[in-house]
Each structure stands twice: as structure tokens, then as C-alpha cells.
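This report refers to the structure that appears directly beneath it.
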Amino acid sequence: MQIAPSILSADFGNLTQAVRDAEQAGADRIHIDVMDGQFVPNLSFGPQIVEVLRRETDLPLEVHLMVEHPENWVKPFAAAGADMIMVHVESTPHIHRALSLIHETTAKAGVVINPGTPVSTISFLLPSVEQVLVMTVDPGFSGQHFIPDNLEKVDDLVTIRDRDDSLNYTIEVDGGVNVDRVHSVANRGADIYVAGSAVYNDEADVATNIKRLRDAE
Ligand SMILES: O=C(CO)[C@@H](O)[C@H](O)COP(=O)(O)O
Ligand SMILES: [Co+2]
């Protein structure tokens, strides 16, 4: 599986080092959680941070937009160097427009579903995305508890993709993935998992934490 460390759990005073550590430890991509204090009750990064991190790493940068009016933020994040931009279906009445805007840039497009949103909500969008992000916590914070029922959505997304050759989205799981949970995520056929607090914490260094996750897959 691919691992996408989320820098939301890293030291905000040294994000460039956090990204370098992840790259050296063999991370596959960097997950950047963007929050506006409206769609979720927290604030985090703007496009300037992506621009800074773009200069630090060749790893793909994926932006998880947790904002209202995500359409307004597609171009700034793409211009800053995002390789993938993911939009919550719950965050806009104009999800097709948001995905089309992403495809007007060089970035790939992803759609995100909250724990309370069924896969059926996005079935008409699946041909239009390169990635589906299944939230296994309610978004807003790192370090929350994994909600296991959401793994059924991974089963559904794998089955739908297997049935239709024209669909080629990757399936990513985000929230509460740690050494105790990662095996169940891998088992269900997800392609990528996000790990925030399991990678960036005071217990061990980033390389040790990533190795522990890989060993537990
Ligand atoms: O999008 C989010 C939270 O809203 C996630 O990307 C978390 O930041 C992941 O952190 P952990 O749950 O792995 O600690
Ligand atoms: Co995220």
C-alpha cells in the first residue's frame, strides 16, 4: 500500500523538515489538510504552504480541501504545485464544477466522503475522479478514533471499480489509521492510507513510525 503522511500532525514550526523526514523514510506522497474554520471547526494551511513544500520535495503533494466554496481554491492550490486536489461532496452544491475546475489544471481530482455519507452519493462522480477518499473520522482534527464501519465503503468502491474497466480511481482511507488499524485497511483493498498522528508523534522518529506501519500492513 501507499502511505501518505499528513503534516497536520507535524511540527508547524518545521514543516519542511517534516516533509524531508517523510521522504527519506520512504513515504509515497504528502497529505496536506486544508481547513477553513467553516466546513470544519479548525484552521490550517493555505496555498503558500504548498508552494514552500513544493520546493522541498519531489513527492506528490495531495491537498485535502475541507473548505466551503472549494471551487474558489482549486486554481490557487494547483498553481502552488498540488498534484492532487480532493473535494468533499458535502462541501459544495457544485461538485461537478469543482471537479471540472481541477481537471482544467495539471492536478488530478479526488472526491471525499464523510463518515455519514454513503458511497451511493458519489456513484455518478466516479467516472470523473482519479481518487476517492473515504474518511474514517469526522474531519477537522488529527488524532481521532477510527470509525470501523466505514471500511464497508472500501469494499463497495473496490467492487464497483472491478465491475467497470473504465473506472480507474485509487481508494484512499483517512483518519485514525495506526499500527492497530492498518492491517484491516490493507485487507479491504484500499490503495493508500493517510497517517497523521501515527507518523508524527513524540514516541519515535518518523522513519521508525513509518516502518512500524509498513510492518503492520
Ligand atoms: O483529514 C484529516 C482530519 O480532518 C486527516 O488527514 C488527519 O489529519 C489524519 O490524522 P490522523 O487521524 O491519522 O491522526
Ligand atoms: Co486529510
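Placed from the backbone N, Cα and C atoms, the Cβ positions cover glycine too.
The active site, proton acceptor feature in TrEMBL is assigned to Asp33. What TrEMBL lists as active site, proton donor is Asp174. The substrate binding site annotation in TrEMBL covers Ser6, His64, Gly140, Phe141, Ser142, Gly143, Asp174, Gly175, Gly176, Gly196, Ser197. According to TrEMBL, the feature divalent metal cation binding site maps to His31, Asp33, His64, Asp174.
Taking the features listed in TrEMBL, we show where each one sits on the structure.
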residue : record                             : CB count, 10 Å
Ser6    : substrate binding site             : 25
His31   : divalent metal cation binding site : 28
Asp33   : active site, proton acceptor       : 24
His64   : divalent metal cation binding site : 27
Gly140  : substrate binding site             : 17
Ser142  : substrate binding site             : 22
Asp174  : active site, proton donor          : 24
Gly176  : substrate binding site             : 24
Ser197  : substrate binding site             : 19
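Among the binding-site residues Ser6, Gly140, Ser142, Gly176, Ser197, the ones whose Cα sits within 10 Å of the Cα of His31 (divalent metal cation binding site) are Ser6, in sequence order. Considering only the recorded positions Asp33, Gly140, Ser142, Asp174, His64 (divalent metal cation binding site) has Asp33 as its nearest partner by CA-CA distance. Of the residues the record lists as binding substrate, namely Ser6, His64, Gly140, Phe141, Ser142, Gly143, Asp174, Gly175, Gly176, Gly196, Ser197, the two whose Cα atoms sit farthest apart are 16 Å from each other. Inclusion criterion for the binding-site residues Ser6, Gly140, Ser197: a C-alpha placed within 10 angstroms of the C-alpha of the residue listed as 'active site, proton donor'; this criterion is met by Ser6.
Gly176 (substrate binding site) falls within neither a helix nor a strand when secondary structure is assigned with DSSP, and so counts as coil.
For ligand 2, the nearby recorded positions are Asp33, His64, Asp174; that is, of Asp33, His64, Ser142, Asp174, Ser197, these have a C-beta under 6 Å from one of its atoms.
Apart from His31, Asp33, His64, Asp174, the residues listed for divalent metal cation, the same chain places the Cβ atoms of Ala4, Ser6, Leu8, Ile32, Glu62, Met86, Leu133, Val194, Gly196 within 8 Å of the centroid of those Cβ atoms. Listed in sequence order, the residues Leu8, Ser9, Asp33, Val137, Pro139, Gln144, Val194 complete the 8 Å Cβ shell around the substrate site centroid, once Ser6, His64, Gly140, Phe141, Ser142, Gly143, Asp174, Gly175, Gly176, Gly196, Ser197 themselves are left out. Under the DSSP three-state reduction, Ser142 (substrate binding site) is assigned to coil, being neither helix nor strand.
DSSP assigns His31 (divalent metal cation binding site) to a strand in the three-state reduction.
When the Cα atoms are compared, Ser142 (substrate binding site) and Asp33 (active site, proton acceptor) turn out to be 10 Å apart.
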